[in-house]
Amino acid sequence: MTLLTYLRRKLGLTGTKLGCAEGGCGACTVMLSRYQTHTQQLLHYAVNACLAPLCSLHLVAVTTVEGIGSVARKLHPVQERIARSHGSQCGFCTPGIVMSMYALLRNNATPKMADVEEAFHGNLCRCTGYRPILEGYKTFTGGCCGGRGRDNGCCLANGNTAEKPLEEDDDESPSLFNAADFAPFDPTQEIIFPPELMSLTKGQGSASLRFHGDRATWLQPASLDEFLRLKWKHPDARVVVGNTEVGQSVAHKQYNRVCVCVCVCVCVGVVFGAACTLSHMGAVLRQEVETRPPHQTQVFLAVLEQLRWFAGLQIRNVAVSLPLLTSTQFVSAFKQSPRREDDISTVTAAMSVTFAPGTAVVEDLRLSYGGMAAVTALAGKTAARLLGRRWGEELLQDACSSLAEEMTLDPSAPGGMVTYRRTLTLSLFYKFYLTVLHKERGGLSLSPLSSLHLSLSLCLTYQAVPEGRGQDDVVGRPMMHLSALKQATGEAVYCDDVPLYENELYLALVTSSKAHAHILSIDSSVAEAMPGVACCVFAEDIPGSNAVGPITYDETVLADGQVTCVGHIIGAVVADTQLAAQRAAKAVRIQYEELPHIITIQEAIAAQSFYQPIRTIESGDLEAGFKQADHILEGEMHIGGQEHFYLETNVTLAVPKGEDGEMELFVSTQSASKTQLLVAKVLGVPANRVVVRVKRMGGGFGGKETRTTVLSTVVAVAANKLKRPVRCMLDRDEDMLVTGGRHPFYGKYKVGFLNSGKVVALDVSYYSNAGNSMDLSLSIVERALFHMENSYSVANVRGRGFVCRTNLPSNTAFRGFGGPQGMMVTESWMTDVAQSLGRPAEEVRRLNLYVEGESTPYNQILDQLTLDRCWDQCLQRSGYQQRRAAYACLCVCVCVCVCVCVQAGALVHIYTDGSVLLTHGGTEMGQGLHTKMVQVASRVLGIPCSKIHISETSTNTVPNTSPTAASASSDLNGAAVVNACQTLLQRLAPYKTLNPKGSWEDWVKAAYFDRVNLSANGFYNFDTNSGRAFNYFTYGVACSEVEIDCLTGAHKNLSTTIVMDVGHSLNPAIDIGQVEGAFMQGLGLFTLEELHYSPRGVLLTRGPGSYKIPAFGDIPTQLTVSLLRDAPNDKAIFASKAVGEPPLFLAASVFYAIKDAISAARVESGVSGPFRLDSPASAERIRTACCDRFTKLVQ
């Protein structure tokens, strides 16, 4: 049993969250404390509770997020500061981040910013964009008060920070938070280590331990001799130190029996015992570096550099002899991985050269590579050839030629990227060659990208609240997320935190291992006979209809006779525990007859496998436009898919009510009403028998709009069959396998343009990979077509959209809903136009921008256009012209905000004590919707927010709701809330007139005693206008500057400036958080995140170990976010605009800045003109595009 399971299921401490079960996200972080008898000191360290075996914690104190503070008692400063600095949105990752910071402070009460950054190497957040978390916790470092120029102690006021960014206004907006309001941090008031544990530790010393269970035996030796005896006796036993490897194996492979041994050793000098933690090794080496001569410690520095990027601190805290060097020895180590922080390497290298004394002649050379074979590979032949040679250009040429011959890989080598990996062997040697030359001449180590700490520089601007407005009117003010404090203390309840019912069961899915096949037989006899199993569920157990889908009923709840993707749900096993259910599910045996399958877009095009209809938008005369053009170019681009990676995976708890077929479901979903309807359809009952409740979600991003019913319908069928509560929360690998993600797109274009750069004709075709069902794919490709010209005026245009039917799990909605893919292709051909003319890209983009009054290809006239203002402000704030020499690229984005034909409802109760209960049709997933709705109700009713409460979203309070999606929820639900509140105000108006000096409570009581209805429904629907596809547009512009390493393909995000038109913001703190979070999610889409499938349709990237989302270190070093001022929007609530989706595409500015930098590198190699760069711009793609002598050697 893991510590996490014990905390959540045995003790009911649900503040510690399950995010991935492999130690890659940090949601389960807790602090362990141990008394060290040999040093007589306490050691505090953060670990992943999902990997920590409970039996390994003998004599260890465990501190969880609940233990350091609570809303009811007293908040710890760590909890308060992340909440009040707006660093918690969905909140699912927040307890883990809190505990990582808390563990740091327990060891170092005054950390440096570098320490804070390192503490978060093992934590991920999908919502915030990380900036507010770092800003809040920077206040612990003494380097920044967060006061934005207030009280001379702030770094921005006393000059102790970096130079102010160029974009900073004289009338800078007030800070989003005031650090002066934070409770002081007093390290002397922390929880003490339990005296009983200290006494036991001192008394027992090193004692052997043995724990024996039904399936495993845990042996903990007290000495090396005992360990060796145990290993001799149990040769097949797995040796465990931190459980970071075996823990994952047990979780994912379900070993039937594991016998493990734990060995504990200590380090002495610079010889490290086998079980010494990497964190301790780093501390010892840093001390050695400070005390020894520099030439002796090159090995230590090389190891320290690699330790910085090895896993997260939680892993390093739970897991060699290093020599001293002479002045003629040089050592370097290198690591290249998709993401710098906490990532598995693509290729690593350690290199050592020794020169003959007083010369540069090679006396000894050792070159070792990881990632080039099953074990570490030594380039022995190359090293031997170079002995006795002088360290110079001729040696370099011969070394690279020899390495290209020696370091080969089979084309089918595991891990792929064969050409890239071979290129890296040469590139890393070249880095070593330059480093040695530099050191030989007395210089410092060359490592320009890896050595950069964040040193975050920040500037935020927004529309300040007009003077004279009362403090009680909170609309437009940076109000904290209503649940932020509860999220920071672990008290916020998510779906899987609902207490266990007395007779509750757990469900595990049985899924297909084939992409396309007939099911010949299903044998569940072994599974049903296993301990704890209640039953198996298959298609024949469905009492209603097995046909489901969000729009078209082209899916099945459970496969019936045929599977159409790997991960297709065939059945389920229900048992008394999660572990029992999962073990039994793996025991179900299925026989298949495989059928031909289609996996990729290219395969679908070749087979003409498309869903109908094929959509087309056309405007102008395309033939005449191409005749008018001075130049015509053609190109293509592929945009990869993206996993939602909400920190809370899909979860459902179904509770039969015992009569009339009633059922209550607790679901993490963006679409409560759709879940209600489909569950009722599957159960064969009317919708009024099913109630769906949503308290909050740990992230959604569109992934929980339609695909949650894949799980909730199965759980409901099982609960209905057994008449008992049934729960299921998918593991991360299951969720990624089953639910689908953002649609991969392939775009082909032909563009005609004049010598001036003006585009006059465009013919573009989009192909999306929909997967094995339609889901929302047709609407998504339509949205891509609506964005095919982005923000550029093109007189003659045709766009066609093809929805490819493949044998992958159905792809679905994702923040942007096809818009980012459509606009990405647009920016590709716009970049090609600029490159083919040899003109600056920003000049060509500016020339083609829309102007007020122009018409889109779908005949919508643009009014209230703020695009030019966003553009000009972004240029000015970013200092674009000054930065241009550093390969900055300007990218402009126009995004659709609100689609027509939608509706919303609200229900408002006023109780006799004056408190207000508000319910609306939207769901809370971290975007701050509930907070904004309380602000709206507060303004309309004229009462403080403290009097208003939102409990949850449920189908029995507000029926027939629209999904919380498309960035429209504030507009729609806000209008419905206004409608309900205005109704109540009208009813209270006579009592306010009779008693104008009375209080809100007086008016409410008077109305109650007069038998006035103090409950009101609100409703809003958008009345469509013919010819207007969208209600209004949201505009944004971003400028980003990057630095690329042409040898490895790594890149660093140096600066980003964003100007976003969100109208009059309802809540600047929440809206800026949405801008930053969307931007970072887009950064992942365009530069980092890659889904890899096998040729047989198996998803290979399932979990944070293989699928990398942006981490803390990926934030631009300098970040400026500005909400455009004086841009009211008369088409939405209180002149605001939607903000959730539009900013995501602004991250394309980073992609095209990278492409601009690659172009410069190609020019140096004698290659110029347009070139294809697919998305994401991974290190592999960047390095391959930077063609040079090394890439030619391995071709």
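Numbers run from 1 along the shown chain.
Cβ coordinates come from backbone N, Cα and C, glycine included.
Heads up, TrEMBL stuff is auto-annotated, nobody curated it.
On a predicted model such as this, the values are computed, not experimentally measured, just so you know.
Quick look at what TrEMBL lists:
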type	residues	note
BINDING	C20, C25, C28, C50	[2Fe-2S] cluster 1 binding site
DOMAIN	211-385	domain 'FAD-binding PCMH-type'
BINDING	Q670, F701, R815, A966	Mo-molybdopterin binding site
ACT_SITE	E1141	active site, proton acceptor
What other residues of this chain sit with their CB within 8 A of the center of the CB atoms of Q670, F701, R815, A966, the recorded Mo-molybdopterin site?
-> G700, G702, G703, E705, A813, F814, F817, M925, T964, A965, S967, G1140, E1141
Rounded Cα distance in angstrom between C20 ([2Fe-2S] cluster 1 binding site) and A966 (Mo-molybdopterin binding site) is 27
For the recorded positions listed (F701, E1141), most other Cβ atoms within 10 Å of the Cβ sits at F701
Determine, to the nearest whole angstrom, how far the Cα atom of C50 ([2Fe-2S] cluster 1 binding site) is from the Cα atom of A966 (Mo-molybdopterin binding site).
-> 34
Could you state the CA-to-CA distance between C28 ([2Fe-2S] cluster 1 binding site) and Q670 (Mo-molybdopterin binding site) to the nearest Å?
-> 24
CB neighbours within 10 A of R815 (Mo-molybdopterin binding site), counting all protein chains shown, number 27
Determine which residues of the same chain, besides C20, C25, C28, C50, have their CB within 8 A of the center of the CB atoms at the recorded [2Fe-2S] cluster 1 site, and list them by sequence.
-> L4, K17, L18, G19, A21, E22, G23, G24, G26, A27, N48, A49, G96, R732
Given the binding-site residues C20, C25, C28, C50, A966, which one has the fewest other C-beta atoms within 10 angstroms of its C-beta?
-> A966
Looking at Mo-molybdopterin and its recorded binding residues Q670, F701, R815, A966, figure out the farthest C-alpha pair and report it in angstrom, whole number.
-> 13
Which whole number is the mean pLDDT over the domain 'FAD-binding PCMH-type' (211-385)?
-> 74
Q670 (Mo-molybdopterin binding site), number of other Cβ atoms within 10 Å = 29
